[in-house]
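What follows is a short report on a single structure.
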Amino acid sequence: MAIQRTFSIIKPDATKRNLTGAITKMLEDGGLRVVASKRIHMTKEQAEGFYAVHKERPFFGELVEFMMSEPVVVQVLEGEDAVARNREIMGATNPEEAAPGTIRKEYALSIGENSVHGSDSLENAEIEIKFFFNDDEIVG
Ligand code: DAT
Ligand code: MG
(Lines of atoms letter the chains of each structure in order from A; the text may use other names.)
(Lines give C-alpha, C1' and ligand atoms only; values in the text may rest on other atoms or scores of the structure.)
(Ligands and ions follow the chains in the order given, each with its own letter.)
Protein backbone atom coordinates (compact mmCIF):
# COMPACT_ATOMS: atom_id res chain seq x y z
CA MET A 1 0.00 0.00 0.00
CA ALA A 2 1.17 3.48 -0.78
CA ILE A 3 -0.13 7.00 -1.11
CA GLN A 4 -1.36 7.44 -4.69
CA ARG A 5 -3.21 10.00 -6.77
CA THR A 6 -6.13 9.12 -9.00
CA PHE A 7 -8.42 11.01 -11.35
CA SER A 8 -12.18 11.39 -10.87
CA ILE A 9 -15.03 12.98 -12.81
CA ILE A 10 -18.42 13.85 -11.36
CA LYS A 11 -20.44 13.30 -14.54
CA PRO A 12 -23.27 15.34 -16.12
CA ASP A 13 -26.14 13.30 -14.65
CA ALA A 14 -24.78 14.05 -11.17
CA THR A 15 -23.91 17.75 -11.59
CA LYS A 16 -27.36 18.27 -13.12
CA ARG A 17 -28.98 16.81 -9.97
CA ASN A 18 -26.78 18.99 -7.70
CA LEU A 19 -24.89 15.98 -6.32
CA THR A 20 -21.36 17.41 -6.45
CA GLY A 21 -21.21 17.85 -2.67
CA ALA A 22 -22.88 14.54 -1.82
CA ILE A 23 -20.52 12.58 -4.09
CA THR A 24 -17.44 14.46 -2.88
CA LYS A 25 -18.46 13.66 0.70
CA MET A 26 -18.63 9.94 -0.14
CA LEU A 27 -15.11 10.15 -1.60
CA GLU A 28 -13.82 12.02 1.46
CA ASP A 29 -15.59 9.69 3.90
CA GLY A 30 -13.94 6.81 2.03
CA GLY A 31 -10.50 8.15 2.90
CA LEU A 32 -9.64 10.19 -0.18
CA ARG A 33 -8.57 13.85 -0.19
CA VAL A 34 -9.47 16.28 -3.00
CA VAL A 35 -6.14 17.88 -3.98
CA ALA A 36 -7.44 19.50 -7.19
CA SER A 37 -10.95 20.27 -8.44
CA LYS A 38 -12.56 22.30 -11.22
CA ARG A 39 -15.92 22.51 -12.90
CA ILE A 40 -15.69 22.50 -16.69
CA HIS A 41 -17.96 22.03 -19.67
CA MET A 42 -16.18 19.46 -21.83
CA THR A 43 -15.64 20.17 -25.49
CA LYS A 44 -16.18 17.43 -28.08
CA GLU A 45 -12.40 17.25 -28.50
CA GLN A 46 -11.90 16.72 -24.77
CA ALA A 47 -14.63 14.09 -24.48
CA GLU A 48 -13.42 12.18 -27.56
CA GLY A 49 -9.78 12.44 -26.48
CA PHE A 50 -10.43 11.39 -22.92
CA TYR A 51 -12.45 8.32 -23.96
CA ALA A 52 -10.37 7.50 -27.08
CA VAL A 53 -9.72 3.99 -25.72
CA HIS A 54 -13.46 3.28 -26.20
CA LYS A 55 -13.77 4.71 -29.73
CA GLU A 56 -14.57 1.36 -31.35
CA ARG A 57 -17.29 0.53 -28.80
CA PRO A 58 -20.93 0.82 -29.96
CA PHE A 59 -21.75 3.30 -27.18
CA PHE A 60 -18.88 5.73 -27.98
CA GLY A 61 -21.02 8.41 -29.67
CA GLU A 62 -23.58 8.31 -26.90
CA LEU A 63 -20.81 8.49 -24.27
CA VAL A 64 -19.21 11.55 -25.88
CA GLU A 65 -22.57 13.34 -26.25
CA PHE A 66 -23.41 12.57 -22.62
CA MET A 67 -20.08 13.89 -21.30
CA MET A 68 -20.66 17.18 -23.19
CA SER A 69 -24.30 17.52 -22.18
CA GLU A 70 -23.81 19.38 -18.87
CA PRO A 71 -20.84 20.60 -16.83
CA VAL A 72 -18.65 18.06 -15.04
CA VAL A 73 -16.33 18.35 -12.05
CA VAL A 74 -12.85 16.94 -12.63
CA GLN A 75 -10.84 16.10 -9.50
CA VAL A 76 -7.53 14.68 -8.39
CA LEU A 77 -7.93 12.44 -5.33
CA GLU A 78 -5.09 11.46 -3.03
CA GLY A 79 -4.86 8.74 -0.41
CA GLU A 80 -3.73 5.26 0.54
CA ASP A 81 -4.16 2.99 -2.50
CA ALA A 82 -6.23 5.77 -4.09
CA VAL A 83 -6.81 4.11 -7.48
CA ALA A 84 -8.37 0.93 -6.07
CA ARG A 85 -10.00 2.74 -3.15
CA ASN A 86 -11.81 5.13 -5.52
CA ARG A 87 -13.05 2.22 -7.66
CA GLU A 88 -14.43 0.58 -4.50
CA ILE A 89 -16.23 3.76 -3.43
CA MET A 90 -17.64 4.21 -6.97
CA GLY A 91 -19.00 0.68 -7.39
CA ALA A 92 -19.49 -1.35 -10.57
CA THR A 93 -20.00 0.36 -13.96
CA ASN A 94 -23.57 -0.95 -14.14
CA PRO A 95 -25.49 0.41 -11.13
CA GLU A 96 -27.58 -2.78 -11.04
CA GLU A 97 -24.35 -4.63 -10.19
CA ALA A 98 -22.94 -1.99 -7.83
CA ALA A 99 -22.58 -2.92 -4.15
CA PRO A 100 -24.75 -1.24 -1.51
CA GLY A 101 -23.25 1.98 -0.19
CA THR A 102 -21.33 2.79 -3.37
CA ILE A 103 -21.79 6.02 -5.32
CA ARG A 104 -23.18 4.25 -8.37
CA LYS A 105 -25.61 2.16 -6.34
CA GLU A 106 -26.81 5.29 -4.60
CA TYR A 107 -26.94 7.74 -7.50
CA ALA A 108 -26.33 6.26 -10.99
CA LEU A 109 -29.30 6.30 -13.38
CA SER A 110 -28.05 3.67 -15.86
CA ILE A 111 -24.87 2.02 -17.16
CA GLY A 112 -24.24 5.12 -19.31
CA GLU A 113 -25.38 7.82 -16.88
CA ASN A 114 -23.42 6.40 -13.99
CA SER A 115 -22.47 9.57 -12.07
CA VAL A 116 -18.69 9.14 -11.75
CA HIS A 117 -15.51 8.22 -13.57
CA GLY A 118 -12.42 6.86 -11.83
CA SER A 119 -9.06 5.83 -13.26
CA ASP A 120 -8.65 2.06 -13.56
CA SER A 121 -4.85 1.89 -13.03
CA LEU A 122 -2.03 4.02 -11.64
CA GLU A 123 -0.64 4.40 -15.14
CA ASN A 124 -3.97 5.67 -16.50
CA ALA A 125 -4.41 7.91 -13.46
CA GLU A 126 -1.21 9.78 -14.37
CA ILE A 127 -2.30 10.14 -18.01
CA GLU A 128 -5.83 11.29 -17.08
CA ILE A 129 -4.62 13.79 -14.44
CA LYS A 130 -2.28 15.35 -17.03
CA PHE A 131 -5.14 15.48 -19.56
CA PHE A 132 -7.05 17.97 -17.37
CA PHE A 133 -4.61 19.51 -14.86
CA ASN A 134 -1.33 21.40 -14.87
CA ASP A 135 1.06 20.59 -11.99
CA ASP A 136 0.45 23.96 -10.34
CA GLU A 137 -3.30 23.28 -10.08
CA ILE A 138 -2.69 20.29 -7.78
CA VAL A 139 -2.13 21.26 -4.17
CA GLY A 140 -1.36 18.30 -1.93
P1 DAT B 1 -15.91 2.48 -15.92
O2 DAT B 1 -16.45 3.88 -16.05
O3 DAT B 1 -16.54 1.74 -14.77
O4 DAT B 1 -14.40 2.44 -15.88
P5 DAT B 1 -15.73 1.53 -18.68
O6 DAT B 1 -14.34 2.08 -18.68
O7 DAT B 1 -15.90 0.11 -19.11
O8 DAT B 1 -16.38 1.67 -17.22
O9 DAT B 1 -16.66 2.42 -19.60
C10 DAT B 1 -16.53 3.82 -19.60
C11 DAT B 1 -17.90 4.44 -19.60
O12 DAT B 1 -18.58 4.10 -20.82
C13 DAT B 1 -18.83 3.94 -18.50
O14 DAT B 1 -18.63 4.60 -17.27
C15 DAT B 1 -20.18 4.23 -19.08
C16 DAT B 1 -19.98 3.95 -20.57
N17 DAT B 1 -20.38 2.57 -20.88
C18 DAT B 1 -19.70 1.44 -20.61
N19 DAT B 1 -20.35 0.35 -21.02
C20 DAT B 1 -21.52 0.80 -21.58
C21 DAT B 1 -22.65 0.19 -22.19
N22 DAT B 1 -22.71 -1.14 -22.33
N23 DAT B 1 -23.64 0.99 -22.61
C24 DAT B 1 -23.58 2.34 -22.51
N25 DAT B 1 -22.54 3.00 -21.94
C26 DAT B 1 -21.53 2.23 -21.48
MG1 MG C 1 -13.01 2.92 -17.31
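Any Cβ shown, glycine's included, is placed from N, Cα and C.
Around the Cβ of His117 (active site, pros-phosphohistidine intermediate), a 10 Å sphere holds 20 further Cβ atoms from the protein chains shown. Annotation source TrEMBL lists active site, pros-phosphohistidine intermediate at His117.
Residues or ranges marked as ATP binding site in TrEMBL: Lys11, Phe59, Arg87, Thr93, Arg104, Asn114. Of all Cβ atoms in the protein chains displayed, 26 besides its own lie within 10 Å of the Cβ of Lys11 (ATP binding site).
Here TrEMBL flags 3-140 as domain 'Nucleoside diphosphate kinase-like'.
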**Report entry** Residues that sit under 8 angstroms from Thr93 (ATP binding site) by C-beta distance, when 6+ apart in the chain
**Finding:** Arg104, Ile111, Asn114
Query raised in the report: Out of Arg87, Arg104, which of the binding-site residues has the smallest number of neighbouring Cβ atoms within 10 Å?
Result: Arg87
Query - His117 (active site, pros-phosphohistidine intermediate) and Lys11 (ATP binding site), Cα-Cα, nearest whole angstrom - result: 7
Report summary line: Candidates Lys11, Arg87, Thr93, Asn114 (binding-site residues) with CB under 6 Å from ligand 1, in sequence order, are Thr93, Asn114
Query raised in the report: Roughly where does the domain 'Nucleoside diphosphate kinase-like' (3-140) sit in mean pLDDT, to the nearest integer?
Result: 98
